[in-house]
Each structure stands twice: as C-alpha cells, then as structure tokens.
Amino acid sequence: MIQDESDLDDFEDDEEDDEDEKVFNISKKASHIDNFKNEESEDEEDLNEEDDDLFMNTDIIDEETIENSKQAKNINLKKLTPEQLAKEQKKIKKTGVCYLSKIPPYMKPAKLRSVLSRFGKIDRLFLKPEDNSTYTKRVKYGGNKKKNYTAGWVEFINKKDAKLCAGTLNGNKLGGKKSSYYYDDIINIKYLSAFKWFDLTQQIAKENEIRQAKLSMELSQQQKLNKSFINNVEKSKMINNMQNKRKARQAESGADNSNKEESDIRRNLKQRKLASTRADAEDELKHKSKPNEKLNDVLSKVF
C-alpha cells in the first residue's frame, strides 16, 4: 500500500511537472510572439523614420539646387585682364592644327587621340562622321554597324609636335603590335600652316549659314510653286462651273448650238484709252483737250 501511495505521488508530481513545462512553453511562445511583434513595430518605426529622413533630404536637395541655380544666374563672368589676355594669345599662337583626309575604318576618337598623343599633347580633336544615307545602306546590306569617320582635325598644344606628327605619319602605316586591328592601316595627315582652331569654327559656321540660306530659298520657291498650282486649280474649277452653267441655260432655252463653236469665257473689262502729254509721244497717244466754250465767248467779247 505504501508503494502504491508513493507511485501515485510520483505520478501526480510528474503531471504537475508536465503542466509546468506546458505553461513555460506557452509563455515562451507568447514571449516570442510579443518579441516578434515588438520587432515588427520597431522595424515599421525605423522605416517611417527613414522615409521622413528621405523626404527631408529631398527637400534639402531641392533647396540646394534652387539656390545653386540662383547663384549661377547671379554670377557675372569676370573680364580677363590684359596680362591674362596676352597669355591666352601666346598659347593660341603656339598651337598647331593638322588635317586628316583619311581615317582608318571604324577608328574611334579616343583611339586616334591615343595614337597621336605619342608625338605631343593634344588639346582638341574633331572627326566628321559619314552621311546617314551611306551608313543606312551599309547596314541594310549586312555591313558593319560601327560608326565610320571620313575626315578630322587635331589641335596640338605645340606646333612643333604637329609638324613632327604630320611628317612621320603621313602616308605611312600605323604600326604597333602585329595583332592590332589598325596595324596595316595608312593615315593621310597634313599640317596646316598659319591655321588655328577658331578659323575652323568660322568655316563651319559659314558653311552652316550657306546651307541654311539655300534651304530657305528652296522652301520659298516651293511655296510659290504650290500657291501658283492651287490658284490654277481654283481657276480651272471656276471656268468649268461657268461653262456648265452656260450649257444648262442654253439647254433650257432650247437654242441650237451644234454649229456654233464654244467660245472661251473671258471677262470684258472697261479700259481707258492711253494718253500722253509728252512731246515725243505719238499723235494717237497725245492727250487732246477739248476747247472750253465759256473761255472762247469771253475772248471773243474782249477782242
């Protein structure tokens, strides 16, 4: 009996322990859920704070851009002093320009700059691209899609470097590594004596002005032709309508116009006779004034 009571006590203790463990686990789960909720709420708060910071930053950036634009408008360009102007003119006099009449196919400006910079420092470089018609035709028939340049100009800081570059590269291979794409290509380059970069810009501006003038003249001629064509069409419509009305009237009146030829519709305008008071004019054109009867009566009484 004593053993049975002890077993029952142990069983009750085990049940109590199990209940305690269940309560502990439930409380653990609840604490985990609460922690998760707290973390979510903290994350939401952080996100809201970040959004507020972003909005604040965007407002600050907008204000800064507005202020910068205002400052840029208010900035007045300072005039060069005579000393600075003289230095700039000396720099321009030292520069030399080379003309490239033939450029290797599909060579980019960066590659050309790296090739020519072996002879000296390069300031400006301009390459003339090919026409759009030739490019589209080449691509249409399965050609290369890269850009191709037909001519170019290069400005060296020192004219001695420009002369050296033109003397060594003109009509010769580019060379370099045999595996390079432009190893066997030939460049035609010429040094332009007494030619500066602003001369090139002036020439391009003149060409653009001439092109614009030609285009405007062609447009005006085309507009005149269109106007004359429209006027002729309107006149022909008007004449056709007049002829149709005349035919309708004649059909109503029952006149027989089978033998009569159709006369052209012309307007009869009243015109004054030509007259002239010049001495060398013809007698038919001279203006002959009618004699005044009252004046003749007075003169007859006097004399």
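The backbone N, Cα and C atoms fix where each Cβ goes, glycine too.
It is 1-25, from the ranges 1-25, 126-150, that Swiss-Prot records as region 'Disordered'.
Averaged across the domain 'RRM' (96-186), the predicted model reaches a pLDDT of 87.
According to DSSP, the domain 'RRM' (96-186) comprises 28 helix, 27 strand, 36 coil.
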